[in-house]
Every structure is written in structure tokens, then in C-alpha cells.
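First up is the structure itself, then whatever we jot down about it.
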Amino acid sequence: MKKAPAGSFPAKPTIAPERPILVFDSGIGGLTVLREARVVMPDRRFVYIADDAGFPYGNWEEEALKRRIIELFGEFIANYDPEIAVIACNTASTLVLEDLRRAYPSVPFVGTVPAIKPAAERTSSGLVSVLATPGTVKRAYTRDLIQSFASRCHVRLVGADGLAAIAEAHIRGESFDEALVMAQIAPCFIEKDGKRTDIVVLACTHYPFLVNVLRRLAPWPVDWLDPAEAIARRMKSLLPARSDDDEFHSQDDLAFFTSRKPDYAIRRLMQGFGLRF
């Protein structure tokens, strides 16, 4: 497996900046969470970290991936001293969130888990599908959420192999085969006893980048449930309120890629999000 080169993280500034909010994902999907977080907290500073050297996480053996993420966060925390860390990746959250909290108890961690509870509260038909990576689908954590919050619903788990990579291609402006997307989402749509699936939970932060494509390809309209706004509100709730007297050293929001080799399209995308390398 590819690993980030040793000593690849920028040195911590000598003048302490405002402690940032760290947003972490395996790729660019976490930008959907960053976008909502900025709406909720426009006065905060962010550092976006993509573990593109390890992407896609679905190809990893679980224990090896756990070790990788825990080790990476040791570097991130030492270099950026985050006020809070957000795991903007369902696969990583369902696998390693509790391990991170134990390893770094001084840092509050917010995870991204499938929005099964709000889906169960909103559905009219009782037919809900969860569109996720195969790793998220197979985790006991996901099934525990269904048992706890959606036991009265019919919940179908749909493991989409490769859809996150298609989303990355789409956001880069690259072409892709829509038939492949249709094949991935088709199992989400169920008709039973005169009722139809009315909510599809987007249980991967990459998928909202495809939502317009998903709406167009869907056999009937559904609510594509994106948890990013709820995650942003949770982040804000864990941070101390600011007063007008608070003063901070003004610094840009940053982006860091573990490969240290983001291509031109990704650099342009990050700049479009106001992130500096």
C-alpha cells in the first residue's frame, strides 16, 4: 500500500495562528462537509486534508487502514493543533472513530455516519435505501444504526463499488459512463405493496457531487439525504462561542494531500474552494 512520504507535512508556524478545524477525507468528498461548515461557521479557519495516497479506502485491509489513519492523525495534530477534527468519510468513521478518540483524547472528533435516523424519521413509505461504499455496508456499526433507529422501516443497504471514484472523476471534469452509475444505484429503488423507496441516504461524502446525475438517472423522484449540514451543526455545537473581543492571527484556509502530488485539476478545485497549498 502507498504511504505518505516521511517528513511530508509543512512545519508548524512559529507564530501560533487561530487553532483550525481539521476536515479529513480519503479524497475530495469531504469538501461537501467543508462547504456546509463554512456556511455555519464563516468566521472559523479550516485545514482540509485528503489522504489521496491511500485512496480508495475500500481496497485496504481493515487493521492496516486503522493503523494508517491513527498514525497520520499523530502527524496532523502535531502540525496543526486543531481545535476539533472532523472525519468527513463514512468508511473511516465507521472503522476508526472510536480508536482516534482513545488515541488523542485532547481533540474532539466528529464522525460521519450514515444518516439512517433522520431517514427513518422522514420516510413516508417506510422504504429507505442506504447508498454506501462496500466497507460501510459490511460494518456492524451500520447495522446497529438500523436496529437502533430504523427497525420499523425496510432498509436496503447498497454497496456501490467504484462510485466514489466516479464522483472524483466528475468533479475533475472528466467523462464517465452513466450506465455504470445507473447500475450502481438501481438496487436502491424498491417497489413493495404499492409503495416505493422515497429516501436514499448518501452514505459517502463523495456522492453529493453526483446528486444532479443521480436525480436525472433515478427511475422516480426520491429525497437524496446528504448529512453534511447536520455534521456542520454538530461541529459548531462542540466549539466555544466567540465574543467580539476575540482576536486571531489571520491565516488562509489550507489544503494538504498525503501524496504531495495533487494534479492540476485538483489544485484548481482547491483554489475554487478558497484553499491554499
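Each residue, glycine too, has its Cβ placed from N, Cα and C.
Annotated active site, proton donor/acceptor per Swiss-Prot: Cys89, Cys204, in sequence order. Under the heading substrate binding site, Swiss-Prot lists Asp25, Ser26, Tyr57, Gly58, Asn90, Thr91, Thr205, His206.
Mapped onto this structure are the features recorded in Swiss-Prot.
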{"residue": "Asp25", "record": "substrate binding site", "DSSP class": "strand"}
{"residue": "Tyr57", "record": "substrate binding site", "DSSP class": "helix"}
{"residue": "Cys89", "record": "active site, proton donor/acceptor", "DSSP class": "coil"}
{"residue": "Cys204", "record": "active site, proton donor/acceptor", "DSSP class": "coil"}
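Most buried of the active-site residues Cys89, Cys204, judged by other Cβ atoms within 10 Å, is Cys89. For the binding-site residues Ser26, Asn90, Thr91, Thr205, the greatest number of Cβ atoms within 10 Å around a candidate Cβ is found at Asn90. All protein chains shown were included, and the count of other CB atoms within 10 Å of the CB of His206 (substrate binding site) stands at 28. Put simply, Asn90 (substrate binding site) is 6 Å from Cys204 (active site, proton donor/acceptor) when counted between their Cα atoms. There are 19 other Cβ atoms within 10 Å of the Cβ belonging to Gly58 (substrate binding site).
Here substrate is bound by Asp25, Ser26, Tyr57, Gly58, Asn90, Thr91, Thr205, His206 per the record. The longest Cα to Cα distance in that group is 14 Å.
Residues Gly27, Gly29, Phe55, Pro56, Cys89, Ala92, Thr133, Ala164, Cys204 surround the recorded substrate site, their Cβ atoms falling within 8 Å of the Cβ centroid of Asp25, Ser26, Tyr57, Gly58, Asn90, Thr91, Thr205, His206, which are themselves excluded.
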